[in-house]
């Protein structure tokens, strides 16, 4: 088996005195489609920030693509679609093409222009998320689900090995959530992109993910979706710190 | 109608300068508007006024021109812009508070300089509302240099400026130096304002940076198109404003702003009747 994309050893992190992550050990295997579950304030976003190098752990070490994070330079190999991508200024006058091009900005570098090759990459990424016909449409005219695809395309232009999505389906209707997961499967299968998806929607993620991780300060669960769904309400209450009602999705 | 502008030197330099600021003001204005910083231009123009008053004061006290008002205005404007950027860093949650601080500071200093000098008569009036006859050949060359510099920097850093304007968080995560670029950008803005003040005037310079953008935002598809349309609208406003201002003996600041407002109203109406450039293009194709 090849080396994991992300490997966290004994990670702890606290904001001021408040511990958010307590001795976390976990790995994201290459090619995985991992769902990250947990209550609000359980440290999901902090964990992502640690992987992205935006925060430094108080304790422990992070390895990205086989090397220590301190020496990691290939940041464009890691795509990130933030929760905030949903709440951008809807009236911003930019076309889909222009938005996706911002994914390449840092990669291309200062004082350089986009060449033909870059433009092809942008078009390819838009095509990959099935939005080619909207290439020259203003982003503000698209639906929430379509905008979400555009933000994924923005990450895809850099051929990421790992794509991190922070609650991407909030505010997206059921049908588009299904199409969204189809897209993620395509990226996972065809382009071998490892996925880490933060979500509250336990019903849907357990149908799609290959691995489930449950985080509430410490790692409460790490295993296959079948194992997660076979957990009792009592077990889940322990994870979440309050009683849980399992709601099954029978679509 | 253009004849006088081509014939007389002083009018010719005003006209050429007008063409330059018709490009650079909306060019930077596009970024200013989408970053919701429209009022920064106003704050900086008032700081520039303080600089100009300072220059005029030196001129009056020493009876020689040590530093022309254009240069002193520019110096104050650039210093003011750096202060704004610093203040925005200090009040992270209330960044707009930098604007009234700098604006009132500028007006305060202006009042002090003006009263020390016992007033400047018509000269100051020209700076407030603009003038068709105020651009010297030296001013023109300075503004030409500034314009070339600004177009070059915006061209070279276009994708970074655009990325930062659209999604600052994402741009910063991907490794773009947000702080340095913001600082450079606001210094450029200060230069544009100082350059434009001779023609448009302190009180109306921000209009030339924002009104053409507001108009093109209604009908443009995408950011680049909005930028080019803004420049076209800016040029129309400057040319039409300068000519009518000259023939009607009205300070051009007023006429330029009025033309900009008319363009804005037309674009709002056009949007209301669902006219976009793409549709016009499709209609043309159908006719063929």
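Quick reminder: no glycine exception, Cβ is built from N, Cα and C everywhere.
Any TrEMBL annotation is an automated prediction that lacks curation.
Residues or ranges marked as transmembrane segment by TrEMBL: B:12-34 (among others).
Residues annotated as transmembrane segment in TrEMBL: B:39-58 (among others).
Sequence-remote contacts of a segment are chain residues at least 6 beyond its ends whose Cβ falls under 8 Å from one of its Cβ atoms, and for the transmembrane segment (B:64-85) they are 40, 43-45, 47-52, 54-56, 58, 98-99, 102, 105-106, 109, 127, 138-139, 142, 182-183, 186-187, 189-191, 193-195, 197-198. Per TrEMBL, transmembrane segment is recorded for B:64-85 (among others).
Taken from TrEMBL, the feature transmembrane segment applies to B:97-120 (among others).
Positions annotated as transmembrane segment by TrEMBL: B:140-159 (among others).
Summarising the annotation, TrEMBL assigns transmembrane segment to B:180-197 (among others).
Annotation source TrEMBL lists transmembrane segment at B:203-220 (among others).
Look at TrEMBL and you will find B:227-247 (among others) tagged as transmembrane segment.
Long-range contacts of the transmembrane segment (B:253-270) within the same chain, counting only residues at least 6 positions beyond its ends with a Cβ under 8 Å from a Cβ of the stretch, are 128-130, 199-201, 203-205, 207-208, 211-212, 214-216, 218-219, 233-234, 236-238, 240-242, 244-245. Annotation source TrEMBL lists transmembrane segment at B:253-270 (among others).
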Recorded stretches the transmembrane segment (B:140-159) and the transmembrane segment (B:203-220) touching, at least 3 CB pairs under 8 Å: no
Within-chain partners of the transmembrane segment (B:39-58) [C-beta distance under 8 Å, separation at least 6 from its ends]: 29, 32, 66-77, 79-81, 84, 96, 98-100, 102-103, 105-110, 113-114, 116-117, 120, 123-124, 127-128, 186, 189-190, 193-194, 197, 202-203, 205-206, 209-210
Same-chain residues at least 6 beyond the ends of the transmembrane segment (B:180-197) with CB under 8 Å of its CB atoms are 17, 20-21, 24-25, 28, 31-32, 40-41, 44-45, 48-49, 51-52, 70, 73-74, 77-78, 80-82, 84-85, 127, 130, 142-143, 146-147, 149-150, 153-154, 157, 160-161, 164, 205-206, 208-209
